[in-house]
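Only one structure is covered here, and it is reproduced in the block below.
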Amino acid sequence: MSARIVVTGTDTGIGKTVFAAALAGALDATYWKPVQSGLEDETDSGAVQRLSGLAADRILPERYRLQTPASPHLAAEIDGVDIDVAALELPSVSRPLVVEGAGGLMVPLTRETTYIDVFARWAAPLVLCARTSLGTINHTLLSIEAIRARDIPLLGVAFLGDENLDSEQIIVELGHTRRLGRLPRLERLDAAALRAGFAAAFEPRDFLGDAP
């Protein structure tokens, strides 16, 4: 079976989609965003196609596309859509699959189910994206604790933003996890710049093995 990698984050708006695009491009993978909330601006799938350099057929359609830009549970209620979490199964593809969640681990899909509940059922290796700015230590360690409590395999932490060596080190040490690398802020955000930035900071094979 080809590698299946779930990309999640400690919070929303930290650059998780940009990282997912870089990872999918580096692995020549297929990308899937199960639930998209908000359709007025560029969707995450659209951004990944633009930034990854992948062909359109490598971007799988979302299982749910919600018009309202809100947490999936609320967006679904406003839009009159019932999210069937049991129907959210990992697609079967012949190449590596990069799956992107929404916001953080505890984002609710329904009034009863959060993203991390689905991740636990999938049991696929997970990459935790974390910002490097103030407050990241607490948010990241809490996220790692939630992941470990559910026995989800954790590949490691991918840091996003300006260098902050002490924060990165203490997270790795106290979280007993692996630092996968750090994607810096890019002056120009396009497919070529992102590909180069990822290649300089990460080793693709670290995402293809078993969680340490």
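FYI, residue positions are counted from 1 along the chain as it appears here.
Cβ from N, Cα, C; glycine included.
Residues or ranges marked as active site by Swiss-Prot: LYS33. What Swiss-Prot lists as ATP binding site is GLY13, ILE14, GLY15, LYS16, THR17, VAL18, GLU100, GLY101, ALA102, GLY103, PRO184, ARG185, LEU186, and the listing cites sequence analysis. Among the features that Swiss-Prot reports, Mg(2+) binding site is placed at THR17, GLU100, with the record citing sequence analysis. Marked as substrate binding site by Swiss-Prot on the basis of sequence analysis: SER37.
Here nothing among the binding-site residues GLY13, GLY15, PRO184, LEU186 falls inside 10 Å of the CA of LYS33 (active site).
When the Cα positions of GLY13, ILE14, GLY15, LYS16, THR17, VAL18, GLU100, GLY101, ALA102, GLY103, PRO184, ARG185, LEU186 are compared pair by pair, the longest gap among these ATP-binding residues is 23 Å. Restricting the binding-site residues GLY13, GLY15, THR17, GLU100, ALA102, LEU186 to those with a CA within 10 Å of the CA of the residue listed as 'substrate binding site' leaves ALA102, listed by sequence position. Within the same chain, no residue at least 6 positions away in sequence has its Cβ under 8 Å from that of GLY13 (ATP binding site). Taking all protein chains in view, 27 other C-beta atoms sit within 10 angstroms of the C-beta of GLU100 (ATP binding site).
The Cβ of ALA102 (ATP binding site) lies under 8 Å from the Cβ of THR12, LYS33, VAL35, GLN36, SER37, SER71, PRO72, TYR115, each of which sits 6+ residues away along the same chain.
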